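J.: TrEMBL lists Gly27, Ser28, Gly29, Lys30, Gly31, Thr32, Arg140, Lys183 with the feature ATP binding site. Feature annotation from TrEMBL assigns ribonucleoside 5'-phosphate binding site to Arg53, Lys74, Ile75, Val76, Gly101, Phe102, Pro103, Arg104, Arg144, Arg155. If you look up TrEMBL, you'll see Asn108 marked as CMP binding site.
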Amino acid sequence: MGSVVDAANKVASAKKPTVIFVLGGPGSGKGTQCAYIVEHFGYTHLSAGDLLRAEIKSGSENGTMIQNMIKEGKIVPSEVTIKLLQKAIEENGNDKFLIDGFPRNEENRAAFEKVTEIEPKFVLFFDCPEEEMERRLLGRNQGREDDNIETIRKRFKVFLESSLPVIQYYEAKGKVRKIHAAKPIEDVFQEVKAVFSPEAEKVEA
């Protein structure tokens, strides 16, 4: 009984969403560019950091653990972030997502693909010199407790050590789209648009 419904459910779940990983050091401007991509190309922006911060705000046990790890400049366990991302994807009606600030390391990457069975279409990498990122972070006043010079430098170090192997992994598969992110916002978006435009044209055709 109900085999038709089961079959329909299988078909529905077989249609996997399009996922693009967005990587770049803290202050590389990827959040700003994601907002532009959402506006121009209809993606849903999921920031791993925002989801984690929302969890912290909720005051849950999970949130307290996350807060302590962020304070120490550590990376939150993969399964915690993946569960938050998966929940956000499942609860959203859209089928194309920008996942910002994730995967942070090789283990994140492997776990995401294993748990969700989703492989990213490509990785958008915002390449920005450390001095420029530092200048931007110290200049913004978002009241974030991880925006002081010592923590910023820790975050750079963690980003370089952890995220570069992820970028190299996808580079070997020809899936990295590198953006020169030290330029003004509009110039950076011109480069981003060039990456997304062939896809936009296909949709219109």
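First residue shown is number 1, and so on along the chain.
Note: Cβ is positioned from N, Cα and C throughout, glycine not excepted.
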J.: List, in sequence order, the same-chain residues at least six positions removed whose CB sits under 8 Å from that of Pro103 (ribonucleoside 5'-phosphate binding site)?
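T.: Listed in sequence order: Phe21, Ser78, Arg109, Phe112, Ser163, Val166.
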J.: Looking only at C-alpha atoms, tell me how far Thr32 (ATP binding site) is from Ile75 (ribonucleoside 5'-phosphate binding site), rounded to the nearest Å.
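T.: Ile75 (ribonucleoside 5'-phosphate binding site) has its Cα 23 Å from the Cα of Thr32 (ATP binding site).
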J.: I'm trying to understand the geometry here, so how far is the Cα atom of Gly31 (ATP binding site) from the Cα atom of Arg53 (ribonucleoside 5'-phosphate binding site), in Å to the nearest whole number?
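T.: If we compare the Cα positions of Gly31 (ATP binding site) and Arg53 (ribonucleoside 5'-phosphate binding site), the gap is 15 Å.
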J.: For Ser28 (ATP binding site), which residues in the same chain are close in space, meaning a Cβ under 8 Å from its Cβ, but six or more apart along the sequence?
T.: Phe126, Asp127, Cys128, Met133, Ala181
J.: Report, as a single number, how many Cβ atoms besides its own are within 10 Å of the Cβ of Gly101 (ribonucleoside 5'-phosphate binding site).
T.: 23
J.: Would you mind checking how many other C-beta atoms are within 10 angstroms of the C-beta on Thr32 (ATP binding site)?
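T.: Its Cβ shell of radius 10 Å holds 13 other Cβ atoms.
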J.: Can you check which residues sit near Lys183 (ATP binding site), meaning Cβ under 8 Å from its Cβ, same chain, 6 or more apart in sequence, and list them in order?
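T.: Spatial neighbours, sequence-distant, of Lys183 (ATP binding site): Glu191.
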J.: Say you check the Cα of Gly29 (ATP binding site) against those of the binding-site residues Arg53, Ile75, Gly101, Asn108; which is nearest?
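T.: Going through Arg53, Ile75, Gly101, Asn108 one by one, the closest to Gly29 (ATP binding site) is Gly101.
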J.: Whole-number Å only: compute the distance from the Cα of Arg53 (ribonucleoside 5'-phosphate binding site) to the Cα of Gly27 (ATP binding site).
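T.: Here the two Cα atoms lie 17 Å apart.
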J.: Measure from the CA atom of Gly101 (ribonucleoside 5'-phosphate binding site) to the CA atom of Gly27 (ATP binding site) and give the result in Å, rounded to a whole number.
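T.: Pair distance, Cα basis, whole Å: 11 Å.
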J.: Which one is closest to Lys30 (ATP binding site) in space, judged by CA to CA distance, out of the binding-site residues Ile75, Gly101, Asn108?
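T.: Smallest Cα separation from Lys30 (ATP binding site) among Ile75, Gly101, Asn108: Gly101.
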